[in-house]
Amino acid sequence: MLDLGLSKMALIGVVALVVLGPERLPRVARTAGALFGRAQRYINDVKSEVSREIELDALRTMKTDFESAARNVETTIHDNLREHEKELNDTWHSAVGGLNEGSVDAGTYGSDTPAAPSWRGSTAALARKRRNWRVKQAAMPVWYKRATTRRTHVQSGAARVARHQPASLRRPTRFL
């Protein structure tokens, strides 16, 4: 910062003593020290803020790089998956080529639209699953129902312990 040696500081002190006098010098020195301390704290705050912003900027760039790499990997995987799915569907349709055209979905074979995967199943099975959704909802375990339902009878911990404590361990009740 400033190159102030011991000799320069002594010279400044002597000049201040001559100019200000011995009665005002301590007050001015305290004020100057407080201002100097504030300036140092302000400079340190600015430095830390700048370094924090630089780190945040670096983290943001790393985040965008990571997201773009993840997106690239995802698109590559989806492209490879679509390619292999198309090959499998073409192989399947060539192996089942002896069947009549009524047995093959019109939208999956021989059209320009993307082929629906043959492994997804028929719509009849889907309709059956939709119809029986209530059966699955009713099979909730009792312990889960007890743990997640809203409590209507709330007790404190002490009351719960007293309720489940055997009579032989309870303290006798005395009124007088």
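Glycine is no exception: its Cβ is also placed from the backbone N, Cα and C atoms.
When Swiss-Prot is compared with the stretches 23-44, 45-66, 133-154, 155-176, the one noted as region 'Disordered' is 155-176.
For the region 'Disordered' (155-176), the DSSP counts in helix, strand and coil order read 11 helix, 0 strand, 11 coil.
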